[in-house]
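K.L.:
Let me begin by handing over the structure; questions about it come next.
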Amino acid sequence: MKNYKYLYGVCIIIYVVTLMYAVIKGSRLQMCIIAGILPCLLPVLKYKFHCKITYEVKIIYLVFIYFSSLIGSCLDGYALAYYDKIVHFFSGIIITMLACLIYSFIKKNIKIQQPSDQKIYYIFIMTFNMSIALLWEFYEYAMLIFFQNDCIHHYTTGIHDSMIDMICACLGSLIILYQVVQYHRKNKKYYSIKVMHQFYNQNIL
């Protein structure tokens, strides 16, 4: 726990320094404002839902928005080849983990026991992820319309980029689906399962 606490502190410092660099450089002020607001979402959710956010979850969230929003949108990371695809791939992993937790809180159990419930569970986490992937494409389109930030590559690839992005998110989701299935069948706990277990146990007990 203490190691994760220090690591989280290091992540915050890196995030703030990079954000300051982006602002000083004059890189898309509107996107820098968004990148500055995004880290505040977890404390808001913690206050709103009275939940305990583990350091693992904090680190995963901060690292993701660092690369997706700060590096990607503020410092033109999306101009790099395949950068956008990598971000969408990892978004599929993170969103599917979130879907697993939501379903677990609904069922009041981190491990779904009944085979019939497991099938519904698997469908739920996949469709939840793909729904968020679709909303993400809406977000990227909004960035184009309102901030002239073509992270959706509308002018160069059109619909092709959006479809590949959603496929990448689906592939990320399939990794978590596989790990969850292995957990139910063989009680095998991958790192993602352990992270979800710790978050669930801190908030349900």
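All positions are counted from 1 along the displayed chain.
Backbone N, Cα and C define each Cβ position, glycine as well.
TrEMBL annotations: computationally assigned, not manually curated.
Not measured: the values here are computed from a predicted model.
Found this in TrEMBL, in case it helps:
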- 7-24: transmembrane segment (TRANSMEM)
- 30-47: transmembrane segment (TRANSMEM)
- 59-80: transmembrane segment (TRANSMEM)
- 86-106: transmembrane segment (TRANSMEM)
- 120-139: transmembrane segment (TRANSMEM)
- 163-181: transmembrane segment (TRANSMEM)
K.L.:
Cβ pairs under 8 Å with the transmembrane segment (120-139): which stretch of 7-24, 30-47, 59-80, 86-106, 163-181 has the most?
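P.N.:
Going through each listed stretch, the top one turns out to be 163-181.
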K.L.:
Rank 30-47, 59-80, 86-106, 163-181 by Cβ pairs under 8 Å to the transmembrane segment (7-24) and hand me the top one.
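P.N.:
Going through each listed stretch, the top one turns out to be 59-80.
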K.L.:
Same chain, outside the transmembrane segment (86-106) by at least 6, Cβ under 8 Å from its Cβ: which residues?
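P.N.:
Counting only partners 6 or more residues beyond its ends, the transmembrane segment (86-106) has Cβ contacts under 8 Å with 60-61, 64, 67-68, 72, 112, 121, 124-126, 128-129, 132-133, 136, 165-166, 168-177, 180, 192, 195-196, 199-200, 203-204.
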